[in-house]
Amino acid sequence: MARAYNFAPGPAALPESVLKQAQADMLEWGTAGASIVEMSHRGPEFMEVAARAEADLRTLLGVPADYAVLFLPGGATTAQALLPLNFAAPGATVDYVVTGHWGKTALRQLTPAVTANIAASGEPDGFRNIPARDTWRLTPGAAYVHITANETIHGVEYRPAWGEPAPETGDVPLFADFSSSIASEPIDITRYGVIYAGAQKNLGPVGISVVIVRRELLERTGQPRADIFNYGSQLAHDSMLNTPPTWNWYMAGLVFRWMLDEGGTPEFDRRSDEKAALLYGAIDGSGGFYRNDVDPAVRSRMNIPFFLAEDAHNAVFLDGAREAGLIGLKGHRVLGGMRASIYNAMPVDGVRALVAYMQDFQKRHG
Ligand SMILES: *Cc1c(COP(=O)(O)O)cnc(C)c1O
C-alpha cells in the first residue's frame, strides 16, 4: 500500500523515516529485551532518550540556557489552562490578542481568578488579518501578553510583512502558542517569556506538549494549584513528576533528529517559503475558481484554507483528491471549504502534486 500525501491539520503527517525507525524499535530496544515503551521512565535507556530529545530540541530551536524546556502530557489546550495558574497571581490582568479559533480557545481556559483583557481581536474582520500592533490596547503591568503565532484553522500567521513577528510588549513577557508553526523557521527565543506547542502538528504524535519557559518566570507565585500543575515542580523533576508519555517523547525525539539531519530550521524556512508560494500561487492564479481570503501580509505558510467558488464541488474535489493520493484536505467545520496543512513533514513534491490536481480539477469543472 502506498502512503498518501497527508495534508491533515493534526494529528498530522510524520516523516516516513521516523515511522520506519519507530517500527524497527517497536519490538526491542537494542538488546534490552523489551521495547522503549515497556521500560521504566527512570531507567538508563529512557533517561538517555529524554536527555537527547531535550538536547536536540535546544539545538534545533536555539534555546538559550536561561530557558527551561518541559515535556508534558496533554495538549496545547492544557498549556493554555496552566499558563495563568503558573504565571498570573489572583486578581492580575492578562492580555490576549485573538487572531483566530485557537486564540479564543486560549481565552476560554482562563478562570475568574484573573481579569482577561482582549487587547486586540481580528474577529470583526472575520479573522482575515492581524490588528496592527499600534492598535493593541495592552495593560501596563499585565502578567503577560498571549498571542497565537499561527492560527491553524484561520490560516493567519505573524509574518515579517505584518511587522515584528514577535511583537514588542515592553516589560510584559510575551507568551506564544506555537503549536502549528514551531520549528518552521529560526526564531529569537529571547523575545518570548513562554513558547508552547502541542506536538501533533510539527513535532510528533499527539499526547505530549513542549513548554519553553524563561527560568526567572518560574519564580512567580501564580495561583493556588496542585503540584502536578506546577511548572516549577515539573522542572525540578525533569518533567517526570509522574509517569511521562514515554512513547510520544521518544517519537518527538526522532522528529527532532530528523529535522536536524534535514538542515534544521533554516532549511524548513526555505521549504516553507517554496511550498506556500506554490500553493498560494495556484489559488491566486486560478481566476477565482479557488479563493483564500487572508490578508497576504499574514497568510500562514503552514495551514492554507481555500474555498472553491462552488460549494457543490467540495465533495467531488475531496473524492478525486483521495484517488490522486492526497488526503486530509477537508476544511475545519468552523470555516468549511478546504485546508491544506503543509508542516515540515510535507515534502515540496506533495504540494506540487496538490497543485497539479487542483489545476486538473479546474480544467474539468471550471
Ligand atoms: C491544535 C492546536 C491547539 C490545540 O491543541 P490540543 O493539543 O488539541 O490541545 C491549540 N493551538 C493551536 C495553534 C493549535 O494548532
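Going from the start of the chain as shown, residues are counted 1 onward.
Using the three backbone atoms N, Cα and C, a Cβ is placed for every residue, glycine included.
It should be emphasised that the depicted structure is a prediction, and the values quoted were computed from it without experimental measurement.
What TrEMBL records for 5-354 is domain 'Aminotransferase class V'. Among the features that TrEMBL reports, L-glutamate binding site is placed at ARG42. Taken from TrEMBL, the feature pyridoxal 5'-phosphate binding site covers ALA76, THR77, TRP102, THR152, ASP177, GLN200, ASN242, THR243. Look at TrEMBL and you will find LYS201 tagged as N6-(pyridoxal phosphate)lysine.
DSSP assigns ASP177 (pyridoxal 5'-phosphate binding site) to a strand in the three-state reduction.
Taking a Cβ distance under 6 Å to any atom of ligand 1 as the criterion, the binding-site residues ARG42, ASN242, THR243 reduce to none. Long-range Cβ neighbours of ASP177 (pyridoxal 5'-phosphate binding site) (same chain, at least 6 residues apart, Cβ-Cβ under 8 Å): ALA76, ALA79, GLN80, TRP102, GLY103, ALA106, HIS146, ILE147, THR148, ALA149, TYR196, ALA197.
The residue listed as 'L-glutamate binding site' has a Cβ environment of 11 other Cβ atoms inside 10 Å. When pLDDT is averaged over the domain 'Aminotransferase class V' (5-354), the result is 97. Taking Cα separation as the measure, the residue listed as 'N6-(pyridoxal phosphate)lysine' is nearest to THR152 of the binding-site residues ARG42, THR77, THR152, ASN242. Taking the Cβ of THR77 (pyridoxal 5'-phosphate binding site) as reference, residues of its chain lying under 8 Å away and at least six apart in sequence are, in sequence order, THR105, GLN109, GLY198. The maximal spread of the pyridoxal 5'-phosphate binding site, taken as the longest Cα to Cα distance among ALA76, THR77, TRP102, THR152, ASP177, GLN200, ASN242, THR243, is 31 Å.
Taking each of the binding-site residues THR152, GLN200 in turn and counting other Cβ atoms within 10 Å of its Cβ gives the largest count for THR152. Cβ neighbours of ASN242 (pyridoxal 5'-phosphate binding site) (same chain, under 8 Å, six or more residues apart in sequence): ILE228. Cβ neighbour count for TRP102 (pyridoxal 5'-phosphate binding site) (all protein chains, 10 Å cutoff from its Cβ): 22.
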